[in-house]
Amino acid sequence: MAAKDVKFSRDARERMLRGVNILADAVKVTLGPKGRNVVIDKSFGAPRITKDGVTVAKEIELEDKFENMGAQMVREVASKTNDIAGDGTTTATVLAQSIVQEGHKAVAAGMNPMDLKRGIDLAVSDVVWTLIKNATKIKTSEEVAQVGTIAGNGDESVGKMIAEAMQKVGNEGVITVEEAKTAETELEVVEGMQFDRGYLSPYFVTNADKMVADLEDAYILLHEKKLSNLQAMLPVLEAVVQTSKPLLIISEDVEGEALATLVVNKLRGGLKIAAVKAPGFGDRRKAMLEDIAILTGGQVISEDLGIKLENVGLDMLGRAKKVSISKENTTIVDGAGKKEEIQGRVAQIKQQIEETTSDYDKEKLQERLAKLAGGVAVIRVGGATEVEVKEKKDRVDDALNATRAAVEEGIVPGGGVALLRASLSINAVGANSDQTAGISIVRRALQAPARQIAANAGAEASIVAGKILENKGATFGFNAQTGEYGDMIAMGIVDPVKVVRTALQDAASVAGLLVTTEAMIAEAPKKESAGGGGMPGGMGGGGMGGMGGMDF
């Protein structure tokens with residue numbers, strides 16, 4: 001086992017504070033509309049330019065083990081805030097740095113670290129309650145756009161695009177952000193349910209120019225096993241032909257005689273038909289077939305339920321206004337499912353999302369939820385260079401997460417004003433002077449984000465903070481973009497309460513642990529063994545001299 005290096009009390013805390021400061025100073029320059037960029041060297045490819053706090057934090061690794069421990073603890077603050085709220089990582093880092101710095105001074109002055117932490121926790125729960133109480137619910141699309149614009153660093157086009165996407169797919173809908181192949185940023189909305197399976201044979205195509213199969217007012221047969229025997233399918237095919245409506249078959253696979261017969265009938269014009277494989281695998285496939293059944297008002301034909309294909313009538317088939325099938329995707333628009341059944345299924349999936357612990361399962365369940373609840377929107381981020389696209393994609397991701405958080409819990413005035421105001425309404429009372437000192441530490445820390453935003457904009461931080469606190473208006477603040485004071489909500493500068501709350505809670509949690517640290521243990525640096533370095537003695541200067549006259 002390697003030898004360990006142990007540091008105690010003041011020495012340990014000072015090293016750790018140095019690490020906290022290095023990381024926080026690199027992250028906090030990105031805060032606010034006038035925040036600066038950070039350039040990150042990559043081992044391959046072009047350097048990355050970003051204004052995303054958590055991306056900067058994740059890149060920092062310090063040489064000194066003790067300083068690195070401090071930096072990594074604060075990095076954890078940014079990551080945690082990012083995981084829960086998706087934005088506010090820089091605010092969380094600034095708050096954590098302030099609490100650690102003030103806490104370090106208090107401990108050095110002889111205060112009890114445990115009581116300081118209790119005071120910090122009391123103040124934080126008080127502030128969180130105030131924030132939630134003062135939050136305003138989002139009602140209009142304009143408010144959604146405002147949140148997106150602020151989180152996207154003042155880029156109005158980003159805010160508008162996110163608001164438009166949310167309007168089209170609903171708050172539950174899936175909105176994904178991808179890199180575009182062009183210079184333009186665009187929004188594409190897929191309404192209805194789309195899954196990534198295309199037609200089984202190109203002969204099913206109805207539009208040869210676009211190579212898609214479009215079925216209007218179609219019946220949908222959902223079968224969970226393979227279809228290879230034509231005989232079993234005949235009754236249902238004959239019933240559909242009588243109605244002269246098209247038919248879409250979704251099953252594990254259609255092969256052999258069954259597929260050949262369907263293709264021949266399609267080509268002869270007797271039957272408008274298309275077949276696709278069912279989406280997903282295993283249990284997920286069953287669940288997705290059930291989703292499609294509920295959406296279209298049909299039934300999954302399954303041996304487990306004792307339903308044989310021979311006995312299937314038209315009433316067991318789903319219906320949809322339009323089905324569009326390309327080589328890779330199938331989209332079902334306007335299914336005939338009952339609204340209450342779809343809502344019941346949505347509630348069931350939401351319950352599963354809350355219960356699952358796996359991120360992968362959660363993501364897949366959310367995709368299913370979106371397909372049932374309204375559709376999928378894709379924002380394709382474009383730019384002139386790859387570096388620009390990556391930087392903009394970071395901002396769009398942040399803006400999207402912030403907007404979701406705002407819809408969920410409401411909004412408060414932005415620009416650090418909500419925290420600054422909350423510092424005035426902390427009513428918590430400490431049980432002793434050390435706890436009261438902990439409460440004061442939080443009160444001072446709550447000014448840090450507003451001060452940093454002002455400093456990044458080139459304003460005098462203490463004057464800005466003083467001016468905001470002097471004014472009694474709850475939404476009065478400093479617009480760093482224009483350098484004006486005024487009503488933050490009227491100016492459209494708002495923050496999601498979830499982002500502000502999470503940033504403070506995570507910052508205080510980790511900062512409290514750092515303040516109460518008394519010893520630190522790290523692996524001791526290995527001493528170089530004597531005489532190990534350098535070349536063996538006799539190989540000095542011209543050891544290879546005799547090769548001069550060789551002819552090549």
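Numbering starts at 1 and runs along the chain as it is shown here.
Even glycines carry a Cβ here, placed using N, Cα and C.
Per Swiss-Prot, ATP binding site is recorded for Thr30, Leu31, Gly32, Pro33, Lys51, Asp87, Gly88, Thr89, Thr90, Thr91, Gly415, Asp495, and the stated evidence type is sequence analysis. Secondary structure at Gly415 (ATP binding site), as computed by DSSP, is coil.
Spanning the listed ATP site, residues Thr30, Leu31, Gly32, Pro33, Lys51, Asp87, Gly88, Thr89, Thr90, Thr91, Gly415, Asp495 have a farthest Cα to Cα distance of 17 Å. Taken residue by residue with DSSP, Thr90 (ATP binding site) is part of a helix. Comparing Cβ neighbour counts within 10 Å across the binding-site residues Thr30, Thr90, the minimum falls on Thr30.
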